[in-house]
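TrEMBL has this to say about the protein:
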{"type": "DOMAIN", "residues": "32-170", "note": "domain 'Radical SAM core'"}
{"type": "DOMAIN", "residues": "189-322", "note": "domain 'Arsenosugar biosynthesis radical SAM protein ArsS-like C-terminal'"}
Amino acid sequence: MPSLQCHIPTFGHVLDTYGIAIKRQPITTLQINVGKVCNQSCTHCHVEAGPLRSEMMEATTFQRLVELLQNAPGVHTVDITGGAPELNPHFRAFVRTVHAMGRTLLHRCNLSVLFEPGQEDTAAFLAEHGVEVIASLPCYLEDNVNRQRGEGVFDKSIRGLHLLNGLGYGQPGSSLKLNLVYNPGGAHLPPSQSALEESYRQQLAQHYGILFNHLYTLTNIPVTRYARHLRQHGQYDDYMQLLVDNFNPAAAHNLMCMQQVSVAWDGSLYDCDFNQMAGLPIGGTPLHIWDVQNLEQIPRSIATASHCFGCTAGAGSSCGGAIA
Ligand code: SF4
Ligand code: SF4
């Protein structure tokens, strides 16, 4: 079988072809993956999260992050992801602290976790602390959601959105932001973000009375569980070719790794959550949050690999949706 390199160029080579050099600019967002424990086990999950995982960020690691944030006033946003972050026992204490520091808090929520035992007041807690919720909903059709995320997940997602709307999330004039995330159910690129947002808005309002602020379309990045899923179905090479063929230089100028760093549950640093899961350390050299005195010491170089083509294909993809 020919190797990938025979027909897929390196990401660095394609950037060179377009004269693009990607370097980290001053960091504005700290993305923190607080653990791999999740109540779901979605087929596309690049974190390989699930109920049987045990990795969880510890209290001392959260405390170190608070210290680093105190010395980094330019980092205005803290983006909390997982797994299901709510399941980390230190999640609420960290949210309270960061909220008191006046930073913007983003929280990536799978919605169904809001109905797990012990999570009954999580939605109210998020609202009380002004946390922006970014919720996964890969389709407005039940079958498509359940196929990707598990049986019964669509119903819980709709209940979760009703709960959040009831607290003021996504309502006109409310400061509580509720953004939804779409990712493709198959080995294809997302459709137009603005057109799909309009369809979501109509469908969710008409059938469920649900309101939200924005829809983010994300490309499935071919690492870990999703890469294996593609290989098992004989789709990996074609999907990589699709990503390469749709390289968009405009997206490459605005990659999310250029303004943020990603912290793993154990405090190790990465250029993004995808590199974290691929085991590719920040700038290519292992570095830990206890190795730096402040976030300005983090190197500007960014480690790239073939999965980076997922961020530059078509309209581009980031944790905040389409780029270009
Ligand atoms: S809900 Fe999110 S973190 Fe959990 S398995 Fe699904 S994609 Fe992964
Ligand atoms: S996968 Fe990560 S490092 Fe690669 S382009 Fe995307 S954000 Fe940047």
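For all residues, glycine too, the Cβ spot is worked out from N, Cα and C.
Here the domain 'Radical SAM core' (32-170) is broken down by DSSP into helix, strand and coil counts: 58 helix, 22 strand, 59 coil. Here the domain 'Radical SAM core' (32-170) has a mean pLDDT of 95 out of 100.
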